[in-house]
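Participant: The structure's right below; bear with me while I get my questions together.
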Amino acid sequence: MTNRSEAGWNFDNSYAWLPKTFYSSLNPTPVSKPKLIIFNEKLAESLGLNGRNLQSEEGTEIFAGNRLPDGAVPLAQAYAGHQFGHFAMLGDGRAILLGEQITPDGKRVDIQLKGSGRTPYSRGGDGRAALGPMLREYIISESMQALGIPTTRSLAVVTTGEDIIRETLLPGAVLTRTASSHLRVATFQYAANWGTDEDVRTLADYTINRHYPDIEENENRYLSLLEEVIKRQASLIAKWQLVGFIHGVMNTDNMAISGETIDYGPCAFMDTYDPATVFSSIDRQGRYAYGNQPYIGGWNLARFAETLLPLLHEDEKKAIGIAEDALAGYNEQFQSYWLAGMRAKLGLLNEEKEDETLIADLFKMMHAYQADYTNTFRALTFEDYEDTALFGSKEFTQWHEQWQARRGKQEKSNELSHQVMQSSNPAVIPRNHRVEEALKAAVEEGDFSVMEKLLQVLAKPFAHTPDQEEYCELPEPSKTPYRTFCGT
Ligand code: AMP
Ligand code: MG
């Protein structure tokens with residue numbers, strides 16, 4: 001009996017057919033005492049995997065990297081990119097791609113182990129990951145999925161039975177991550193810097209075939225590729241902004257060509273609205289602050305465009321002109337996705353000239369009165385205003401009148417407007433204090449029930465049911481700001 005027939009593995013390994021420079025073949029490093037901590041049954045089902053079969057000793061061995069599923073061709077991917085603006089050779093230093101699962105509906109999904117041991121790209125690192133950060137990635141990526149934001153997903157977390165050394169000893173873990181691919185801006189940068197123009201072309205053709213088959217016949221398909229990636233990033237980052245998500249480390253290795261959110265390290269959701277919000281302990285300049293994310297998206301896309309120059313036109317000057325024209329569209333696209341999302345958040349179903357001012361005025365007040373981002377929109381949705389500085393202010397009363405007058409200008413019913421608001425304004429986001437509480441119980445006490453309950457609530461962010469109420473509450477005021485750390 002094979003894994004394939006029992007567990008549902010159905011691998012193809014197209015990435016392994018790329019030139020050898022793009023990866024290193026190797027197996028995950030086995031661990032001593034793997035234990036399955038959490039398994040995503042719904043995701044498994046959508047991948048065509050047999051959840052019952054995989055929640056077994058055999059499945060645990062697979063998710064730990066001790067045993068290979070049938071058809072896997074394990075490899076670490078090479079990439080090189082800008083970290084905080086500085087270029088470096090990177091690559092999967094603690095991850096192994098097992099292969100691409102072909103799902104029952106014909107999708108191709110990467111199955112990757114994260115924390116699976118050293119690789120040729122590990123540099124000084126141990127190739128391992130700690131339980132806390134892997135559970136954190138699980139919680140936040142699954143919450144993003146429920147919020148309707150493109151993202152990599154989390155299939156399973158196992159503990160390894162081995163401690164890893166960070167500032168203290170921490171329990172080691174392996175996360176099984178799925179993604180529509182792990183192609184990154186940094187994969188292209190690697191090809192452009194260490195490969196030939198032919199390597200870049202091969203990678204671009206592979207990417208088009210895998211993610212953008214509709215543009216294959218276009219006159220300048222490489223320009224189309226650039227335009228498509230710009231469009232998806234503009235849409236993705238607009239979605240982040242609309243829910244107050246801060247990625248925290250938007251290096252070019254953490255920007256996926258597919259337009260999925262990838263690499264959940266020091267990310268976190270903003271409570272109090274402030275464009276300058278930064279959680280990551282290493283982001284001292286605020287490069288990746290909430291309000292800077294759209295700009296950094298454009299910066300990363302410019303790095304992507306540079307790698308495509310030889311493919312865009314044989315005359316370099318002309319190629320630069322083509323790339324610049326495409327990049328010029330990014331800001332406008334971001335703005336239009338964002339504005340459409342903001343209109344929905346305010347229940348505005350048509351477009352009026354005054355909308356941008358109305359929105360800007362709201363943000364000005366939210367900033368001045370230190371309003372909670374998520375709860376402000378929730379209060380507007382239900383017209384249920386707590387006694388906060390914002391809602392008690394004269395400015396808000398005036399703004400509210402303008403908003404109601406504006407809503408009155410649309411032909412569609414108030415009920416529809418309210419429905420759109422409900423499905424655009426989540427009640428529950430993974431608030432930092434809730435995530436920390438769940439991780440603390442899991443890591444320090446081996447109690448996973450807090451996390452499981454949190455995951456259940458996060459799976460229905462737009463339900464607005466009374467049982468979710470406690471998850472909407474704000475943290476106790478704290479003297480020290482919330483800080484996040486890279487998951488290394
Ligand atoms: P990240 O911050 O997770 O995006 O990782 C940035 C780079 O550091 C990637 O090349 C990772 O593979 C590598 N890296 C992170 N943690 C480790 C580790 N513990 N061992 C080896 N490489 C690592
Ligand atoms: Mg990364």
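Cβ coordinates come from backbone N, Cα and C, glycine included.
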Participant: In TrEMBL, the residues Gly91, Gly93, Arg94, Lys114, Asp126, Gly127, Arg177, Asp263 are said to bind ATP. Which of Arg136, Arg184 is said to bind at that same site?
Facilitator: Arg184
Participant: Among Arg94, Asp126, Arg177, Asn254, which binding-site residues lie by ligand 1, judged by Cβ under 6 Å to any atom?
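Facilitator: The binding-site residues passing the 6 Å Cβ test are Arg94, Asp126, Asn254.
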Participant: I'd like to verify something. Among the binding-site residues Arg94, Asp126, Arg177, which ones have a C-beta closer than 6 angstroms to some atom of ligand 2?
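Facilitator: So the answer is none.
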Participant: Reduced to three states, what secondary structure does DSSP give Arg177 (ATP binding site)?
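Facilitator: It is in a strand.
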Participant: For Asp253 (active site, proton acceptor), find which of the binding-site residues Gly91, Arg94, Asp126, Arg177, Asp263 come within 10 Å, Cα to Cα.
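Facilitator: Checking each Cα against Asp253 (active site, proton acceptor), the hits are Gly91, Asp263.
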Participant: Judged by the number of other CB atoms within 10 angstroms, which among Asp126, Asp253, Asp263 is the least packed of the recorded positions?
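Facilitator: Taking Asp126, Asp253, Asp263 as the recorded positions, the minimal 10 Å Cβ count falls on Asp126.
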Participant: Measuring Cα to Cα, tell me the gap between Gly91 (ATP binding site) and Asn254 (Mg(2+) binding site) in whole angstrom.
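Facilitator: Cα-Cα distance, Gly91 (ATP binding site) to Asn254 (Mg(2+) binding site): 11 Å.
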Participant: For Asn254 (Mg(2+) binding site), name the DSSP secondary structure in the helix/strand/coil scheme.
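Facilitator: The three-state answer is helix.
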